[in-house]
Amino acid sequence: MKSKKLYLALIIGVLLAFLTLSSWLGNSGLVGRFGVWFAAINKKYFGYLSLINLPYLAWVLFLLYRAKNPFTEIVLEKTLGHLLGILSLLFLQSSLLNQGEIGNSARLFLHPFIGDFGLYVLIMLMVVISYLILFKLPPKSVFYPYMNKTQSLLKEIYKQCLQAFSPNFSLKKEGFENTPSDSQKKETNNDKEKENLKENPIDENHNTPNEESFLAIPTPYNTTLNNSEPQEGLVQISPHPPTHYTIYPKRNRFDDLTNPTLKEPKQETKEREPTLKKETPTTLKPIMPISASNTENHDKTENHKTPNHPIKEDDLQESPQENPQKENIEENIEEKETQNAPSFSPLTLTSAKKPVMVKELSENKEILDGLDYGEVQKPKDYELPTTQLLNAVCLKETSLDENEIDQKIQDLLSKLRTFKIDGDIIRTYSGPIVTTFEFRPAPSVKVSRILGLSDDLAMTLCAESIRIQAPIKGKDVVGIEIPNSQSQIIYLREILESELFQKSSSPLTLALGKDIVGNPFITDLKKLPHLLIAGTTGSGKSVGVNAMILSLLYKNPPDQLKLVMIDPKMVEFSIYADIPHLLTPIITDPKKAIGALQSVAKEMERRYSLMSEYKVKTIDSYNEQAQSNGVEAFPYLIVVIDELADLMMTGGKEAEFPIARIAQMGRASGLHLIVATQRPSVDVVTGLIKTNLPSRVSFRVGTKIDSKVILDTDGAQSLLGRGDMLFTPPGTNGLVRLHAPFATEDEIKKIVDFIKAQKEVEYDKDFLLEESRMPLDTPNYQGDDILERAKAVILEKKITSTSFLQRQLKIGYNQAATITDELEAQGFLSPRNAKGNREILQNF
């Protein structure tokens, strides 16, 4: 039996040794594929503890092997101690380094219930219990010293609080002076008093008190006045000993509180009051000002308890003489308290006033509350993508140092004061990318002076760029947004899994990212109803557009949403090729793009004609009636244009007019535009397009002029790039700063493959016209006669635009465009130039 146990131990030891070497040398390839695989798995689940967990396990198994009976209570208790130690290390590693799948999973499960503080308390508790179990330490030897220290500390704090808030508080009366050294000192003094009392009786009319009761008094009630030295906490009245002492046995201090005689009005009759009256001008000297009045009251209480002394009228007349003494003592107390009151200095009040840290912006919450929320019905024959297709969110958070914020506030205020701009920081709020300081200037400061200091403040704060909102809409403060020293990555999965996105009932919900305090932010494309996006190279424009497209794919099946993607650069939308949501193949030719826009405008007219028959105003109302009448419902049709500048350069007015028509009338019929451009200049974003696309998103642009073109104000040139953007919500005049979420190409491919595996794409062949041409056999086309009329009009007016022919010949826009292309094919007109105009060929 022993040999079998030994062989089993050797096999386990060799196996653990091999696995330990695999964990150490897995990446070197010396331990084979299995070793590399095991090292990766071990590090994934245990993090850095994977280097020591197997040797630790081997040591525990060796202790179990040496034990005669491994199932005894002591062995099981030690095993539990080892297990708690390992778990505490896993939790600590996960909290500090975010390593180890086991610790991360447990921490994520416990965090919503107990928070970060509870996790650290749990870790400390596990470490303490493991330490006590493994080292066989009784709890008394560990906790009792700390309990005694804690009790002493609480007692001292309680004493200080009573001294601060109760002017009649006495240390001896409350029993706080019963330390061993004081007790010994009192016993010595009591022994001396005992000898004096034996030699000299107190009074002829009174019996000598019991010696045992005198010696057994440890409380301050038996404090006597000694001739040799003044007692602590008393006022030295006279160098001569008093004429009378009254000594009482030990009494509980709570008996005094319940004694009805103490609640009666005290008569201030003392036998030593004549001495006080005579000696006060020369011998009144407070030793402890705080307890002087308390001692006097205590003496009054003792004399009040003596029933053998008659009250004389002379004494009652002399008692008011104590008032000057009390006033003198109180004056000394007030002087000393005034000298020892540094906590009420102006410096302390100034340092205690700190800006308020804001976790949620009220203006953003108001915008989000205006969206529609509710339950969304899941499609029957289609499975929406899950967030599991996206990469897991890295929980590594860059905690913002409050000292860094305080330093920035000091630098900011000092720099503003150099320009004679006074004010104070009222609120601060920090997010994943920037920290915003709300600066309230003095009444004499002009806001325009602060706007011109962005470069100076950026240099002072060593920031890449700062953005100044002067002022913030609806507030009396100026917003100064400063980049954080360490920025966080915002993942698309965070936004899609947020409560806002999950509970949004609109199928056209767009995930825009996070706001400047780190809260998710979404919007509804139906309420925008169109979106104009601008941003230079590297600003994160493509990342933001991809996040919007993916959020639409996460909400809608193919029969509810159709997309028309126009990608003149041929690389931005190629990853979405052949998804079942596409109405046409991804359009890369500008001429085909113009034809697609014209077809969308024609589809809009068709929808409105059908909606007028059913007497409805919106697509939602039409779809409800269509479902009840068995008619095909209208899907939402989203046109996504990646580069408007190339389209405008090629098509000019021919591209501008259909975009304007769709933007003007497409909302009620379920047609929406998402138009992006890299160059938001005046010739690209024309006044007609700006007027019909009120909701805009601007990533970082090159100049202030571009910012004013896209946003009608500056500020976009000061953005940080990498998804940092400004958004104009519908119905408001203000700007909302957001940070777009990031999704990798691999994540997009996973989502696209998941969608394509469920349903194949079905393109509408009649929707996309070849080179924006209508067939010559259209119903309203009259052949060569109308061509001759078109030539005559062009030669007479010298105008070659399609819209001009449309007005002169009184035909549709699509037919006029077809005639123009036919004239170009015949050589009558030249191709469009850079401005989108055609010329009449002279050699015709």
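Using N, Cα and C of the backbone, Cβ positions are placed for all residues, glycine too.
What Swiss-Prot annotates here:
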type	residues	note
BINDING	G538, S539, G540, K541, S542, V543	ATP binding site
COMPBIAS	183-206	compositional bias 'Basic and acidic residues'
COMPBIAS	220-230	compositional bias 'Polar residues'
COMPBIAS	263-280	compositional bias 'Basic and acidic residues'
COMPBIAS	296-314	compositional bias 'Basic and acidic residues'
DOMAIN	518-708	domain 'FtsK'
REGION	173-325	region 'Disordered'
TOPO_DOM	134-844	topological domain 'Cytoplasmic'
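The most crowded of the binding-site residues listed here (G538, G540) is G540, judged by how many other CB atoms sit within 10 Å of its own CB. This prediction places the mean pLDDT of the topological domain 'Cytoplasmic' (134-844) at 76. For S542 (ATP binding site), other Cβ atoms within 10 Å of its Cβ number 21. For the binding-site residues K541, V543, the largest tally of other C-beta atoms within 10 A is found at K541. Cβ atoms within 8 Å of the centroid of the Cβ atoms of G538, S539, G540, K541, S542, V543 (the ATP site) belong to the same-chain residues G535, T537, G544, F699, G721, R722, G723, A740, site residues excluded. Long-range neighbours of S539 (ATP binding site) (same chain, six or more residues apart, CB within less than 8 Å of its CB): F699, R700, V701, L719, G721, R722, G723, D724, M725.
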